[in-house]
Amino acid sequence: QASRLVELPYSSFDEENDDDTAEQDPGVWYPDPPKLSPFSHCVRYLAFLWNLLFLLLGLLTLAVGVWGLLAKSPLPGGERGVPLSSDPMLLFVLAGLGASSVSLAGCLGAFRASPCLLRFFLGAVLAFGGLEVLGGLLLLLARRRLRDALRDLLLLCLLRYQEDPDLQFLVDEVQRSLQCCGLESYRDWESNPYFNCSAPGVQACGVPASCCQDPLENGSVPNAQCGYGVLGLGAAAAGAVVHTGGCGAALGVWLRGQAGAIAAGATALVLVEAVGALLALKVLGDI
């Protein structure tokens, strides 16, 4: 019994001593976090703010897309005129969702010093950059096919002018800003079922008001009926009312004139992504 009385305190003390040793050994169980330099702290804060900015922009784009889809949602019991898969506002939703998700990963990765989130952010940025470079190469190598695809798209916009408010707004802005009408000429509006001369409505044998040379007609409010009946006139009489030239050639000239601005915008986008990737690499290297 005496030996047991001696051994018990000794073993209890030994176990407590081992526990204290384990708790006091930070090199094994709880390693000290690496000490960051002031420059590393600044880089981490800059990476967080950088991604926070693009997170807000992505959420704004997502909100615009959702608002556009809800604004065109059908009434109860009605039918939607435009399929959801072909709605242009869906591009805003997808772009906003992708940008906000990647930027959120970058924000949390920089704030929490999470290697997993930072690696996901870097992978997504590299994937987007690769897709942009691939898209640019396709634009250079397949210019003729893209020109034909753009032509088909413009023709589809003419056919679905009244069915989709987004396409209607886009066509009106193009015709008004480029001072053109139709694809090849103002006669292309005959392919539209509402402007065709055999149509039963009041728009028959007409063109949209955005084709008119003077839609205000010396007034303060645009005349929506300024293009009615133009398709029934001769070329000279129609030329005095509307722009007779097509938008296909005018849009091609405009795109060639904006080639420098488009290249500068693409370069700026690549630089923005490169800066975000470099910041994330620096933070990942400091962890």
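A Cβ is built for glycine as well, from the same backbone N, Cα and C atoms used for every other residue.
Straight from TrEMBL, the features:
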TRANSMEM  45-70  transmembrane segment
TRANSMEM  90-111  transmembrane segment
TRANSMEM  117-141  transmembrane segment
DISULFID  Cys181-Cys197  disulfide bond
TRANSMEM  230-255  transmembrane segment
TRANSMEM  261-281  transmembrane segment
Cys181 (disulfide bond) CB neighbourhood, other CB atoms within 10 A: 28
Leading contact stretch, 90-111, 117-141, 230-255 vs the transmembrane segment (261-281) - CB distance under 8 Å: 117-141
Listed in sequence order, residues with CB under 8 A of Cys197 (disulfide bond) and six or more positions away: Glu190, Ala204, Cys205, Leu231, Gly232
